[in-house]
Amino acid sequence: MAASNTSPADTNDHLVLSDDPEHPANHICTLCRNFYSQGWVGGTGGGTSIKRGPHIFIAPSGVQKELMQPHNIFVLEHANRSYLRKPLDLKPSACTPLFLAAFDRGAGCCIHTHSQWAVLVTLLVGQEARANRQDPKGKCFEIEKIEQIKGIPKGRTKQGMLSFFDKLVVPIIENTAHEEDLTQSLEEAMEKYPDAYAILVRRHGVYVWGDNVQKAKTQAESFDYLFRLAVEMKRLGLPWVA
């Protein structure tokens, strides 16, 4: 009998097959369709990953987000970074090391979008820095006294949500030619801003994470609302920070 060319990582379909809509493999597909409908992801860009127990479920590279199916999902063992399920005809997401950076810091879900509002905000922050003869690198997006800020938690080690009177600070890192090359600068920003739940990538998009899927989703929505509002405020000549 001929030897099989498949490994356990190719055949562990039971890890992604479930009738439960809240199962990570199903939930990722639902979220990707939702984000596609909002214009956050186009083509095959962006990605989503969910941690459940010791396993990490990750949307693949190269699959249109609105067409994604559970059998497309990759599964990693968090502790040793080994693949438990790796579809033969697909490539792992280039976002994987960035998702892992969030999971290593306690996240339960990480979302990456190419929202136009996120991209525009990074350009506006850079434009303002240059107008003030400052280096755009290391600058953050800052906004205050907007109701939707209350949709963002105070921080990993802090209780409760930000208030209307708090200033929201979102770090911005510079883009690279390859997604995985963002990992070091993203991790450095996470360490410098340990209370942040999002990091913007200039001319690229945003990474948002939360303690679980529901929190990550609502935080991603809150951030995108604030980015869009900030772009409109700038167009009208209104300041982000009083």
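Just so it is clear, glycine is given a Cβ too, placed from its N, Cα and C backbone atoms.
Annotated domain 'Class II aldolase/adducin N-terminal' per TrEMBL: 26-231, in sequence order. The annotation substrate binding site is assigned in TrEMBL to CYS95. The Zn(2+) binding site annotation in TrEMBL covers HIS112, HIS114, HIS204. Residues annotated as active site, proton donor/acceptor in TrEMBL: GLU147.
Feature map: TrEMBL annotations on the structure.
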residue	record	Cβ contacts under 8 Å, 6 or more apart
CYS95	substrate binding site	GLY47, SER49, ILE58, HIS112, GLU179
HIS114	Zn(2+) binding site	TRP40, VAL41, GLY42, GLY45, GLY46, HIS204, GLY205
GLU147	active site, proton donor/acceptor	PHE164
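Taking the centre of the Cβ atoms of HIS112, HIS114, HIS204 as the Zn(2+) site, the nearby residues of that chain (Cβ within 8 Å, site residues left out) are GLY45, GLY46, THR113, SER115, ALA118, VAL119, VAL201, GLY205, VAL206, TYR207. Neighbour density around each Cβ, counted as other Cβ atoms within 10 Å, peaks among the binding-site residues HIS112, HIS204 at HIS112.
When averaged over the domain 'Class II aldolase/adducin N-terminal' (26-231), pLDDT in the model lands at 96.
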